């Protein structure tokens with residue numbers, strides 16, 4: 001079901017989704033009250049939802065759905081500061097992913113974002129709705145060409161050189177990751193290792209996401225900027241639309257924010273971050289891969305393990321989508337499989 005007050009946007013979204021094999025839009029609605037009436041007749045598997053609508057706003061509608069009958073919801077939002085803030089509220093209320101709304105250049109949307117919309121809806125359809133309901137509190141694929149991390153950071157053999165005692169944590173996640181990261185980061189004490197994070201999310205939204213977490217956590221959380229130092233008690237989140245790499249200078253770690261082609265159809269890519277962590281930190285790193293669709297991060301987590309890092313994959317029961325962790329486990333990249341609730345404790349105890 002597509003719920004949006006713009007007839008033009010509804011038409012574009014329906015056209016894109018109905019052309020995708022295996023997807024059928026069973027209904028549309030111009031506002032949540034109309035959507036509720038139609039859902040009484042036939043309940044959708046996935047809802048694509050605008051957040052700013054008349055009669056009832058999307059957040060109120062989303063909370064009603066999650067309390068009565070948890071259903072995967074994809075937020076379709078504008079690339080504005082206000083839109084980003086409201087989208088963060090929607091993700092906290094149980095939405096599984098966000099895609100950017102078609103702007104006036106609808107032809108450009110069909111060229112650039114149609115595949116992202118279809119892939120995100122497919123991912124949402126596989127979400128663990130029981131975990132969605134339990135996770136409620138008050139990503140996206142890009143180009144079809146699939147690159148590996150080699151296009152950003154060519155592979156090299158051997159473990160990290162020059163020793164240091166400073167520890168770091170690298171986390172990668174996608175669908176369901178906003179809620180998962182909130183659960184992990186809010187449980188961390190102020191004194192903990194420096195953390196670098198890739199969460200698949202469109203540009204413009206990661207700054208609002210980081211700001212929201214910063215207000216909830218004991219640790220500091222910010223959107224990463226080029227040459228930011230990775231320091232204890234702070235988490236850096238990759239900006240949407242950019243790759244994030246870990247670099248080493250003497251005994252200190254810094255991040256590099258790079259342009260470049262999508263890797264595993266994602267930008268930022270978890271594989272890019274994990275490969276750079278394997279190279280820069282070696283056995284001083286802890287790699288964690290959490291809920292998400294696809295295989296981004298699976299190869300990189302294995303590289304981290306081979307470089308001497310401790311590595312963890314989230315278990316199936318607590319994952320919204322058990323795709324990325326499953327693939328990492330399958331390839332031998334995870335030396336431990338843990339539920340989401342154990343991640344924060346593991347970060348503190350393993351890296352002491």
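We number each residue from 1, going along the chain as drawn.
Here the Cβ of each residue, glycine as well, is placed from N, Cα and C on the backbone.
What you see is a predicted model, and the numbers here were worked out from it, not measured in a lab.
Taken from Swiss-Prot, the feature active site covers 174 (among others), and the record attributes it to sequence analysis.
The annotation active site is assigned in Swiss-Prot to 200 (among others).
Annotation source Swiss-Prot lists active site at 296 (among others). Counting every protein chain shown, the Cβ of residue 296 (active site) has 33 other Cβ atoms within 10 Å.
Residues annotated as domain 'Response regulatory' in Swiss-Prot: 1-116. When DSSP labels each residue, the domain 'Response regulatory' (1-116) comes out as 53 helix, 16 strand, 47 coil, counted as helix, strand and coil in that order.
Taken from Swiss-Prot, the feature domain 'CheB-type methylesterase' covers 162-352, and the record attributes it to sequence analysis.
The 4-aspartylphosphate annotation in Swiss-Prot covers 50. Around residue 50 (4-aspartylphosphate), a 10 Å sphere centred on its CB holds 27 further CB atoms from the protein chains shown.
With a 10 A radius on its CB, residue 200 (active site) counts 34 other CB atoms from all the protein chains. The recorded positions close to residue 174 (active site), defined as a CA atom within 10 A of its CA, are 200, 296 out of 50, 200, 296.
Taking the C-alpha positions, the distance from residue 296 (active site) to residue 200 (active site) comes to 10 Å.
The two recorded residues residue 200 (active site) and residue 50 (4-aspartylphosphate) have their Cα atoms spaced 20 Å from each other.
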